Amino acid sequence: MASNPGILSDWPWKHLGSFKYLILAPWAVQSIYSFLFKEESKRDLSNFFILPLLLWRMLHNQIWISISRYQNAKGNNLLVDRSLQFEQVDREQSWDDQIILSGILFYLVNTTVPGASHLPIWRIDGVILAILLHAGPVEFLYYWLHRALHHHYLYSRYHSHHHSSIITEPITSVTHPFSELIIYYMLFSITIMTLILTGTASSASIVGYVTYVDFMNNMGHCNFEFIPKWLFSLFPPLKFLMYTPSFHSLHHTQFRTNYCLFMPLYDYIYGTMDKSSDTLYEISLKKKEKVPHVVHLTRLTTLDSIYHLRLGLSSLASSPHTSKWYMWLMWPLTLLSTMLTWIYGRTFVVERNQFNMLTLQTWVIPKYSVQYFLRSHENSINDLIEQAILEAEKKGVKVLSLGLLNHGEELNGYGGVYVKRNPQLKIKVVDGSSLAAAIVLNSIPKGTTQVLLRGKITKVACAIAVDLCKQGIQVATLQQDEYMKLSKSLEMSSENSLILSKSYSQKIWLVGDGLTEEEQLKVPKGTLFIPYSQFPPKKFRKDCLYHSTPAMLIPSSLENVHSCENWLPRRVMSAWRIAGIVHALEGRNEHECGYTISNMEKVWQASLQHGFQPLMFSNGSKY
């Protein structure tokens, strides 16, 4: 909010949450019904177009958000290269409020104002008039309104809410208090209402004008420069008629310059143009993509996980991944994206972070979890992972962590297959198993004498069992095959600590993939489930405790973290991701993948020394 919020700052439907869209439902239903069932002569196409226009506005804005965040992740042509925080993401989550407001106004005007209904598709005179009206009164009045909003009284009560975002995103453009946005809509209505009252309005001119305003708003706040120099060389007066992202970015960093809406003309006339505008524009166009020191490879999980990526829906990406009922409404788009990645997909960058002197990036392999269990996809998955490793090698990346791509010995031998195929690799491949095992070991309560290990026996499970048996802690298993696999990893002196049990009485369960509902229902009340797998078990008991998958809290100096890693809480990273960072910080010169396990205590201590901390329960004990 603003530093000293004024009247009508809050949006009227603030407390409705996701149900705020129901405000438009009566008008939308009536519009669709009338178009489908009324006589052709009474059908109003312009009224019917309102809902598609609102949906187009949402899609248009989301496209800009995704492009802007992709550019931020790559790091090229950035204007303000600072850390984006969860606080800003939360503040800007209600960017769609202004679309709901526009929908209300469109429906009201269409049904109450003479000449606002049954509009023609196209009128050239209306298009020309819209251009003149915007360039004249709208731009002029906005310029002086904007300068007034920077007066201390109005700024502290209203406009400071918008300027809380120094690192702008496209949706920053519409993040305003309710009353301030009402004033802006009154300005833009000068163009639309004049067209209607003069009888020159058309569906094309109104949709075109709204799209133009959205496009320019998003462009001015996208935080990367992309307008080519040749455009201004070809037509020099264009610099008075169209601003650039760098031009408006200076307004958010300098505050007292570059007040214009979209046309810098009035800043030139009234002497408020920032003198460094041209310099920043030139410098920004020359900024190259940042080469990361560490790359974390991950993958898509569920079919709707693409929306939870940082490039997806910001409201979902900034919270732990959970199923939302309204995501079912997007199943056509989900199905389309799934098919595209299934048939053709390339690795893409989703996130960039800074930690001390290290630049970190996260790359996504466009394959879903279900595909990792299909033998027909094994070759294509391995090819994509290997191509990503070689691309990172070519770029000069120092360390690559496999994350969710470390899918066991069946797929890639815990990543060792890539090193064997490419023995000349300078980049160090890290699967993170050592730190994952260390986190699990340090999550077991002090004084524990017996644990039950249940689930798929992986490299991490074997490392945990070996360490516990050496400590004299008894490790029980329920299934014969799990017992046999673990016994092969143990030394003769530790074999007595591994037992095959038929009892479910153990209070500490170390669990991996394969834990069933039936098994959970048999355990005693208060049992602690500690996953050693990358995916959390499905929770069936409310009277038991479920630990997080192996993960740690990240230090405050790790910057530009404003999305959650899958199901983990804010500012928490998985062991597999942290392992790559620590590997680079320690300057280790060997791979950590395949069937080898590094010194777990050493890796654990190194993580703590670099500021990563164990997760904690709400009562203060280790999570």
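Including glycine, each Cβ sits where the backbone N, Cα and C put it.
According to TrEMBL, the feature domain 'Fatty acid hydroxylase' maps to 134-272. The domain 'Very-long-chain aldehyde decarbonylase CER1-like C-terminal' annotation in TrEMBL covers 451-614. The feature transmembrane segment is assigned by TrEMBL to 18-36, 99-119, 126-145, 182-210, 325-345.
Residues 18, 300, 303-304, 306-307, 366-368, 371, 384 of the same chain sit 6 or more residues outside the transmembrane segment (325-345) yet have a Cβ under 8 Å from a Cβ within it. For the domain 'Very-long-chain aldehyde decarbonylase CER1-like C-terminal' (451-614), the model gives a mean pLDDT of 93. Away from its own ends, the transmembrane segment (18-36) comes close to residues 42-45, 47-48, 50-51, 54, 97, 100, 103-104, 107, 326 of its chain (Cβ-Cβ under 8 Å, at least six residues beyond either end).
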